[in-house]
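Undergrad: Before we start, here is the structure in question, set down as structure tokens.
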């Protein structure tokens, strides 16, 4: 059946080249004329650059004498071990062909490799599982690769709570079990025992978790604030998924097949990263919607890949003149079709909702790798990042990153005009940066680097590719061959580490190549498309339509076995995203959806598959939000999670800027005097007792989340200081009436230390201690007093007065009165507590069974100035 003709929209995608030489955004406009001999910031990607050779630092006579013989000796050992490794791998292949894959299972395996559609592949994989007895392994719940007892207990608990309509109980249970690789359910080993699927107990657990998340999303007995805090917490714990596309020159075009397989299964993650050739594929993915990608991922895509079309005579002459095989300006113009012209990272994220990440390395040897995305470089042009990521020494010269300013003009991304080159030299897969910026806890790596592809060997099987013999429990080629393969590979890594640590490798083309083999090239799930020997002869050539068709098919087939694992992961991840998206929308419109099957809202109906732009959870986003909240608090605007709003004390305390250089808090009301109360009337403090009353019952989840850690207190701290009281009483008798010059500073220090360990609020920060208006620290319970002012009952066993020395407590009344008058003259509002409290009075109060507490509005209480922190 002939393919249907492309639509008009699809035809426009093929015909538009997004290049306008007269436009100020054109790469040609940034280059100097050919006769110009030098580089400037106005022409940052021009290639005619003459560099001065840097003088090498002398390492000593011994280093210079031994360096080269040692380097040649290590490379000779590497050559011998590499030859042994290749021979070992070939012996394993012959063993599997002669012993493991024989008879009917060999026939099924051949059908599996020739499958043209995913449905055909699934049917063949099910036949293989049934023939090899892997279905029995799926039915058995017990297994040593995951905590099956915990998974069964959690699943039963979730089912019972959901049937009982206990929403808050579900939220507490989900907060524990919604974690990345909970109880080993996401382990690669759980998906390496069969050709398709995993244990039925694991799949039932994942379905129950997703159903419970949808139940919490549509529940009506829980406030929106509780839902928002819950989904934010579980999203932080579970994390997000990322698709990482490696480099590999023309081998990187296998990524298009991997992308097509995930696209047709609707399992594309929102975070995409690419390096070198993978950056070109990632740019095409993140600048098109799903419907547009389905029209482009066809063999005709090879017509748009023309970067290596120059004949030998042209590029050889260019290499002698510039030191690079390809022209930067020409590559920039050809790559603009993949990036939709001069799109920036922020514009691409706004259009498709996918976070594009491209890894580049500064030309400086000691500068760290940089991950460019809509957070770190929002205005950077994607085509300049692709050129920098593909700038392999000898292939393409280092490039200056370009960016758009506020007026839409193009300028260098950094003021210094630093140049960047291929990120594969140091960090081909930037997993650390992805976890830090996007909270990515699950990585899907498509690895096509030709120098690394050979070393990927799974001795116990990989996802969707179990070991054929011993019902999946054996070793590939037997234990001896698998052990020999691992030993040789680890020994090769050891030799490369010696070369790197001893700095034996010289710089080739002004680049350090010592760490090329020492990076991490794998992820939680690693896909390695099967290349051919012919690919090595076309490593720097453009593919034609037949080659692109084969690459698309090979990339799809290598991704099909992993779709089951990715689908289970995305089931929970998207259930969390649905909850965050709908709660965010409901907070804006004060409504929620009652349909559990409600799909994610889309900002543009034409963006099929594009998610609502709920911010991807990241520490960078949190930093921006925290900074903006602090700015709003300084300007006095409302909003934000300030300590006053969290404790419902925003109307009680306000900033006092009267003190010089110190931010203080003061009360708006006249305050609460100290009165005595028998100890027997105080409520008993239990380990689960919340020290601060929340605003409403709806905020119980946000306030009590993590009670086991917030209510840890040290009620016996003052008792530890009792041995020192006698010493202080003996030594202070001669200085009872003498005021030390630094007594106020000592009192401030001692009071701060005491309040740090026995703080009133949930946090131990100094800012929240100041929020309590100078009240002495200790275990406190909040209750509503007169005019909405909360009163605090203090535990006398932790009162900070007991930590003060007697020479600071036994001041004369005249000195105290003068101090309070000076405080009033500075404009501070006095609060109760001015009566002088000595150590003898505290001991007498404790002996009589009474304690001191502040009580707002008590009759007959003297309203005297307070003992303020630092007074």
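Cβ coordinates come from backbone N, Cα and C, glycine included.
Fair warning: this is a prediction, and the values are worked out from it, not measured in the lab.
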Undergrad: Transmembrane segment per Swiss-Prot sits at which of 26-46, 47-67, 68-88?
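TA: It is 68-88 that Swiss-Prot annotates as transmembrane segment.
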Undergrad: Do you know which of 269-273, 274-278, 279-283 Swiss-Prot annotates as motif 'GXSXG'?
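TA: Spelled out, Swiss-Prot records motif 'GXSXG' over residues 274-278, not the other listed ranges.
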Undergrad: At a 10 A cut-off on CB-CB distances, which of the active-site residues 276, 422 has the highest count?
TA: 276
Undergrad: State the Cα to Cα distance, in Å, between residue 422 (active site, proton acceptor) and residue 276 (active site, nucleophile), rounded to an integer.
TA: 6
Undergrad: In terms of Cβ proximity under 8 Å, which residues at least six beyond the ends of the motif 'GXSXG' (274-278) contact it?
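TA: Residues 244-253, 255, 356-359, 389-390, 392, 422-424, 427-430, 446, 448 contact the motif 'GXSXG' (274-278) from elsewhere in the chain.
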Undergrad: Would you mind splitting the motif 'GXSXG' (274-278) into helix, strand and coil residue counts from DSSP?
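TA: So the counts come to 2 helix, 1 strand, 2 coil.
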Undergrad: Under DSSP, is residue 422 (active site, proton acceptor) helix, strand or coil?
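TA: Reduced to three states, the DSSP call for residue 422 (active site, proton acceptor) is strand.
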